Amino acid sequence: MKIAILSRDGTLYSCKRLREAAIQRGHLVEILDPLSCYMNINPAASSIHYKGRKLPHFDAVIPRIGTAITFYGTAALRQFEMLGSYPLNESVAIARARDKLRSMQLLARQGIDLPVTGIAHSPDDTSDLIDMVGGAPLVVKLVEGTQGIGVVLAETRQAAESVIDAFRGLNAHILVQEYIKEAQGCDIRCLVVGDEVVAAIERRAKEGDFRSNLHRGGAASVASITPQEREIAIKAARTMALDVAGVDILRANRGPLVMEVNASPGLEGIEKTTGIDIAGKMIRWIERHATTEYCLKTGG
């Protein structure tokens, strides 16, 4: 097969591993910067051009689209889809997952347990918003934040009011969430490919922090997950219509709670921690699903 990887930086670990895994299995691979793709949208002859040339047909496309370029990145991916390329995560699913509010609404509607959460733009009554999620301590986040950026633990009511008021001054959407103390700064990252959790790690926050993101200096170890955690991770990915997802779970006294569903999970931390060839599993999923029937359905 001919496979395109959409990424702004082909030197990143995840891109290199996906390219390596695809080549090892006999496929041709090209890494394309989605921002350098430009599209001819024409009912008679749509096409995608890249750095002065018209791109050939790709059997499959692997999107590694960063949050900052979600709009144009998903538009480029959508053009590949319309030309009959199989996407490892469809553009609409990526856009849905990047919308934290919509994601939580969809997960809640499917009965997937979440931390008690309130979302507001400019709350007229900060005190009522705090009460709505059970009071302090609580976590205040910017809805648009990623990798632990724009996330604050407010341990007292006064601190919570101050943080919310400060975020409100940024004209930003605010997410207020109960703090799961018993998780002790740890979460579980489950890597889902299709209908299987192929790997799981426990991520621990660095000392003095509560954010377990590896980008923020957290540490990781292999996690043994329960059947309930496995089931909720698969259900969360399926709810978001993602074939590949990183599902972050907190272990609360009342059971596992889904924190986030990531549409473009990094492979470095979880592959190096577990020793599992996740990139290879992703390529094998593509081999099973990038069929002629898919291309005909999408118009390729």
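Glycine is treated like the rest: Cβ placed from N, Cα and C.
On a predicted model such as this, the values are computed, not experimentally measured, just so you know.
Record features, source Swiss-Prot:
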type: BINDING; residues: LYS141, GLU178, TYR179, ASP187, ARG211, SER212, ASN213; note: ATP binding site
type: BINDING; residues: ASP248, GLU260; note: Mn(2+) 1 binding site
type: BINDING; residues: ASP248, GLU260; note: Mg(2+) 1 binding site
type: BINDING; residues: GLU260, ASN262; note: Mg(2+) 2 binding site
type: BINDING; residues: GLU260, ASN262; note: Mn(2+) 2 binding site
type: DOMAIN; residues: 104-287; note: domain 'ATP-grasp'
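Structural mapping of features recorded in Swiss-Prot.
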residue: LYS141; record: ATP binding site; contacts (Cβ under 8 Å, 6+ apart): GLY150, VAL151, VAL152, ILE174, LEU175, VAL176, GLN177
residue: GLU178; record: ATP binding site; contacts (Cβ under 8 Å, 6+ apart): PRO115, VAL116, THR117, VAL133, GLY134, LEU138, VAL139
residue: ASP248; record: Mn(2+) 1 binding site; contacts (Cβ under 8 Å, 6+ apart): ASP187, ILE188, ARG189, CYS190, VAL258, MET259, GLU260, VAL261, ASN262
Assigned element (helix, strand, coil) containing LYS141 (ATP binding site), judged by DSSP: strand
For TYR179 (ATP binding site), the number of other Cβ atoms found within 10 Å of its own Cβ: 17
ASP187, GLU260 as binding-site residues, winner by CB count within 10 A: ASP187
Where GLU178 (ATP binding site) sits in the secondary structure, as DSSP reduces it to three classes: strand
For ASN262 (Mg(2+) 2 binding site), the number of other Cβ atoms found within 10 Å of its own Cβ: 21
